[in-house]
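Beneath this line is the structure, given in structure tokens, with notes to follow.
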Amino acid sequence: MGQVLERTPSLIEEAWKRLTLRKSVDDMQMEINENPLNRPLNFFHLNTLGLGAIIGAGIFILSGNVAANFAGPSVIISFLIGSLVAFLAALSYAEMASMVPIAGSSYSYIYTTMGEFCAWLIGWNLCLEYTCAVAAVSVGWSTYVASFIEFIGNTSAEYRILSAPIAWNNTSENFYLTGAYFNLPAMLGSPALLVYNIDVSATFNSIIVVAKIIIILIFIFTAIKYIDPKNYLPFIPKNQGGYKYGVEGLFHGTTVVFFAFIGFDVITTAAQETSRKSQNKLPISIVTSWGISTLLYIGFVSVLVGVVKYDKLADDPIAVVCRAMGLRWLEIMVDVGVICGLTSVILGNLFAQSRILYTMSNDGLLPKIFGHVRHPKQKSQQASPVQEQYPSFLPAFLRAVLKSAPPNVAIIFPTRQAPKPGPGVPFAAPICIGAICAVLAGFLPIDFLAEMTSIGTLFAFLLVHVGVFIMHWTHRDIKRFKIPSKTLFIPVIGVLTCGLLMNSSTKWAKIRFGVWTITGLIIYFSYSKRRSKMWNTQEKRGRVVEPMDNTNALHELVIDWRGIPKQPFEAVPIVVDMNFLHATITTAVE
């Protein structure tokens, strides 16, 4: 019998293959065609999903926080710069989404352009982005819930169960104890919308998003007549050290309020649950969501710092402004709108995070539990005892049939596949993420969570810009929406602006981001690398087998039972054509 030699690549070759291993666009299209998820979303759902995820804690809470602690009235410029950076990223996302409409969003885009290693980095930091975003929004949600309860109940809520036990001092750059126990409403806000049916949640999200936008417009047009121009002066307050006002505070404020523009990328994570008819409108939905949210943001913060002096704003700016105007009815209406609005943000970000984990799990980079899909309409099937014993019964049967045959026989035996399940929704990922977000929201302050969300998002946007640049050189002929720039000016400017804002983050934010990234690298090289489906497939395809002696190549019996499913499947009688089996054996031996 001949010997088989297998050529093993060197360590350098293997490392290089690992860093540059990419999914082809054809592979992505195959995944899209084999999509197990339901497709109920239309163009209107996509727009409301994006607006629901964007308009949230960034405008209702962080706008006042940044104005009071960092930028002053120049928070308007902070929002304008943030919107410009977000617009550049929106264009790059629009081009990628039109070419690779898959649930993995920027993770899948980078897998196609820069390889698995970079895809893991961006996927890992997307987990940071969405998890901290949900936690931060939950903290803001709890603030307005407490305010609403105090208003209608005419009583003061218990402080120790409404705030995080620790807070971050930007001046001394350290944590300190607040005296509180935990933020109970925030902990309840995250798990409240964990596992949901996508049809129902999309409609619910659309309703509360429309209500949220109407309430914001009512607030803006009601407060315009109360604006005092003196409140805009000095427009850029004098720096008081560190990031306290001045130009330094303006740019640092941009880094913080950039959190307010996170959400349009959520649209791209819904690509595999969007109807075929609406899928080509993903780029339009991305840009539309950005445009509407930017107009609302600029109008909102302009009114905010115009009605009340910037240093009097805090974590509940709408309540402060409404009380200054003496309009209690407006305060309670806005509180209800904000509570509903922040709920839609939690819903959108949980949706996006679960789809990222689902895609990474399907690629083998994360445990299989994150790829579990719930099929509510699928009926369970019971197998008969004969079917359950099929894998163990068949070898004995073949041994009896082939008892008199020569020992070295090549046989091909067909296996049967279990019935393919119908479309469903990811199930385990939202539960896991909701539990983690509940803990973070209960014990960490909102400014800490928002800053970590922003730096993680900026890193993701930066890599997407690089991916678009690469796609323009490697896939020029693929039909898609293209950025209106023949010189690729927009992706280059996008990379520079994202890098600038990341550099404007605090020292400790950069350190925490570095620690998170290093943790991701450890997980990748210790777990994900060995379980990558893409790598294992390429490794099998790339094997070079050189038989030394092929004179007896057909005289070896190799039966691989791994292809036979052990799970129950349809009752199909086992029929063996003995004439065909005998002819096959005879031909192989001859």
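Just so it is clear, glycine is given a Cβ too, placed from its N, Cα and C backbone atoms.
Any TrEMBL annotation is an automated prediction that lacks curation.
The transmembrane segment annotation in TrEMBL covers 43-63 (among others). Outside the transmembrane segment (43-63), and at least 6 residues removed from its termini, the chain residues within Cβ reach (under 8 Å) are 75, 79, 136-137, 139-141, 143-144, 202, 205-206, 208-210, 212-213, 216, 256-257, 259-264, 266-267, 270, 274, 278, 281-282, 284-286, 288-290, 292-293, 296-297, 300-301, 304, 313, 315-318, 338, 341-342, 344-345, 347-349, 351-352, 446-447, 450.
The list of residues near the transmembrane segment (75-94) in space but at least 6 beyond its ends in sequence, with Cβ under 8 angstroms from a Cβ of it, reads 63, 66-67, 105-106, 250-251, 253-254, 256-258, 260-261, 264-265, 268, 282-284, 286-287, 290, 294, 297-298, 301-302, 305, 310, 458, 461, 464-465, 467-468, 481, 483-484, 490-491, 493-494, 497-498, 501. TrEMBL lists 75-94 (among others) with the feature transmembrane segment.
Residues or ranges marked as transmembrane segment by TrEMBL: 106-126 (among others).
Taken from TrEMBL, the feature transmembrane segment applies to 133-155 (among others).
Look at TrEMBL and you will find 175-195 (among others) tagged as transmembrane segment.
Under the heading transmembrane segment, TrEMBL lists 207-227 (among others).
Long-range Cβ contacts of the transmembrane segment (250-270) within its own chain (Cβ-Cβ under 8 Å, at least 6 residues beyond either end) map to 41, 45-46, 49-59, 62-63, 65-67, 70-71, 74-75, 77-79, 81-83, 85-86, 89-90, 93, 96-97, 101, 103-106, 129, 133, 136, 236, 243, 282, 285-286, 289-290, 293-294, 297, 345, 348-349, 351-352, 355-356, 447, 450-451, 453-455, 457-458, 460, 500-502, 504-506. The transmembrane segment feature in TrEMBL is assigned to 250-270 (among others).
The transmembrane segment feature in TrEMBL is assigned to 282-308 (among others). Long-range contacts of the transmembrane segment (282-308) within the same chain: residues 43, 46-47, 50-51, 54-55, 58-59, 63-64, 67, 72-73, 75-76, 79-80, 83, 86-87, 90-91, 93-95, 97-98, 101, 213, 216-217, 219-220, 223-224, 226-229, 231-232, 260-261, 263-265, 267-268, 271, 274, 317, 320-321, 324-325, 481, each at least 6 residues beyond the stretch ends and with a Cβ under 8 Å from a Cβ of the stretch.
Annotation source TrEMBL lists transmembrane segment at 328-352 (among others). Non-local neighbours of the transmembrane segment (328-352) in the same chain are 49-50, 52-57, 60, 105, 130, 133-134, 137-138, 140-141, 144-145, 147-148, 151-152, 189-190, 192-194, 196, 201, 204-205, 208-209, 211-212, 214-216, 218-219, 222, 263, 265-266, 269-270, 318-319, 322, 430, 433-434, 437; each lies 6+ residues outside the stretch with a CB under 8 Å from one of its CB atoms.
Among the features that TrEMBL reports, transmembrane segment is placed at 452-471 (among others). If one looks beyond the transmembrane segment (452-471) by at least 6 residues along the same chain, the residues whose Cβ comes under 8 Å of a Cβ in the stretch are 85, 88-89, 92-93, 95-96, 99, 106, 109-110, 112-114, 118, 121-122, 125-126, 128-129, 132-133, 136, 255-256, 258-259, 262, 265, 483, 488, 491-492, 494-495, 498-499, 501-502, 505, 509-510, 512-513, 516.
Annotated transmembrane segment per TrEMBL: 483-502 (among others), in sequence order.
Annotated transmembrane segment per TrEMBL: 508-527 (among others), in sequence order. Sequence-remote contacts of a segment are chain residues at least 6 beyond its ends whose Cβ falls under 8 Å from one of its Cβ atoms, and for the transmembrane segment (508-527) they are 117, 120-121, 124-125, 128, 173, 365, 451-452, 455-456, 459, 502.
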